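Here's the structure, in structure tokens; my notes come after.
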Amino acid sequence: MMTKMLNILLVFTTLGADGESLRIIPAADGFSFIRLVRGDSDCAGRVELLQGEQWGTVCDEGWDLKDADVLCKELGCGLADKAVRRAAFGRGTGEIWLRHVKCSGHEASLTRCPRVDNGNPTCTHDNDAGVKCSGAMLIPTLSLLSPHTTLSPGEAVRFSCTVLLGHHLNDFHLYKRGIATPLKTQPVGFDQSRVEFTLSNLKTTHQGSYSCLYRIKGIPPSSSMLSSPPSNTINITVVELLTPQHWYNMSIEAPTGSVVKGHSFNITCFTEKQYPGGSFQLRLIRSNKTVRYSLPALTPAVTFSFSNAQLSNEGFYYCLYMVQLDGRTFVSRESQPLLVSIRDPVLSPMVISWLASALTFLVTLVAIIIIIIVARVKLCKRQENHLALELETRTSESLSCIVPLLAFILESRLGSFPFQFQSNQKVNPIPYFPPIENNLT
């Protein structure tokens, strides 16, 4: 490909003395340049070679399409449409440098083809050879038929490769940069100048830069094949999102997968492969709803923090990685579910020991208080009984003094009294006395 490009760069077109278009290239084997003159384009005309300072022609003896193909390719004019004989582009002047050329069609230059230098000695400028080439190979155009250049594994991408008619097209090839052999080859029919290529079931290995080219074939009996310059390139990106990994950091006091209510916990999402502008999404799936949290993926691992665990934080957590590229949103598969349950606080052994000690002290204190109260109640009852006995004794003594006096008064008023009291007699009930109507005087 590099040699071909150098040859093309060295081709230049100028005008002859009479205004005809000349196509001139460097030659080999003692010849300085090769040119076509007197044609209707720079890829048609009489063949001339420069040796020393003199231009000469080629004899048409044995001149055929194989010879013309080699010359057209050498000139960068495609392949030969016609090998012209008998000075169809006018008689040349000077020497006839080449006679009876026998090219196979695969030589790099006309001057490298086998020839018979002692060919027909009677060859004159009436036998000057000429050529009509198909023309310079046009650059094809590669177009993207799919709506996007960024795709997911398993999807398909479609291209079209197009060139203007003007050659005998044989086939089109789709190439990926870095690979010498074509990924796809599409034959073409008569007058067909456009083909489509489809790459199905894409993999990450399909990511890269693509171009196309076409090949033209010589007119029989020529078997020459010539490839065009490569087309423009189209870059394809295959986005492969790996399933994220995740783990949590929870309270030490709680069992695995549990968080103490009111405590903090963290969930970290991680992926090995990232794209610019990506983000992590943490989904909480509950029986009645789904809650989503999102953080930009500035690093491969992103941590979601929850400072005050509540029952609303309980459920199954899933990590996702997502990115927007080429106007499309790509989402990874969900990670395995991570169950988080919220539990009430559990007392530590130290706190339990403190509470047990406090409870023991409280029970002991209550027992002591009850014992003291019971003792005081008993003491009070004893004191009450003693006071009651003392009061009863004093009442009896008072009655023993008062009753005889009352009896004397009543006897003086009523005559006789039905009772006899002794001073040492114990009085229980108080007898009934009728009311006194007259006051004592």
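Glycine too: its Cβ is placed from the backbone N, Cα and C atoms.
Note that the structure is predicted; figures quoted are calculated from it, not measured.
Some features that TrEMBL has for this protein:
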- Cys59-Cys123: disulfide bond (DISULFID)
- Cys72-Cys133: disulfide bond (DISULFID)
- Cys103-Cys113: disulfide bond (DISULFID)
- 34-134: domain 'SRCR' (DOMAIN)
- 140-212: domain 'Ig-like' (DOMAIN)
- 1-19: signal peptide (SIGNAL)
- 351-375: transmembrane segment (TRANSMEM)
Cys113 (disulfide bond): secondary structure state under DSSP, collapsed to three categories: coil
How many other Cβ atoms are found within 10 Å of the Cβ atom of Cys59 (disulfide bond), counting all protein chains shown? 24
As a quick check of your reading of DSSP, tell me how many residues in the domain 'Ig-like' (140-212) are helical, how many are strand and how many are coil. 3 helix, 35 strand, 35 coil
Which state, by DSSP, holds Cys123 (disulfide bond): helix, strand or coil? coil
Which site among Cys72, Cys103 has the most other CB atoms no more than 10 Å from its CB, taking these as disulfide-bonded residues? Cys72
Tell me the Cβ contacts of Cys113 (disulfide bond) under 8 Å, same chain only and six or more apart in sequence, or just say none. Asp67, Val70, Val101, Lys102, Cys103, Ser104, Glu107
Over the span of the domain 'Ig-like' (140-212), how high is the average pLDDT in this prediction? 93
Whole-Å Cα distance, Cys59 (disulfide bond) to Cys133 (disulfide bond), is 18
Fewest neighbouring Cβ atoms within 10 Å among the disulfide-bonded residues Cys123, Cys133 goes to Cys123
For Cys133 (disulfide bond), just give me the three-state DSSP call. strand
On the three-state reduction of DSSP, what should I expect for Cys72 (disulfide bond)? helix
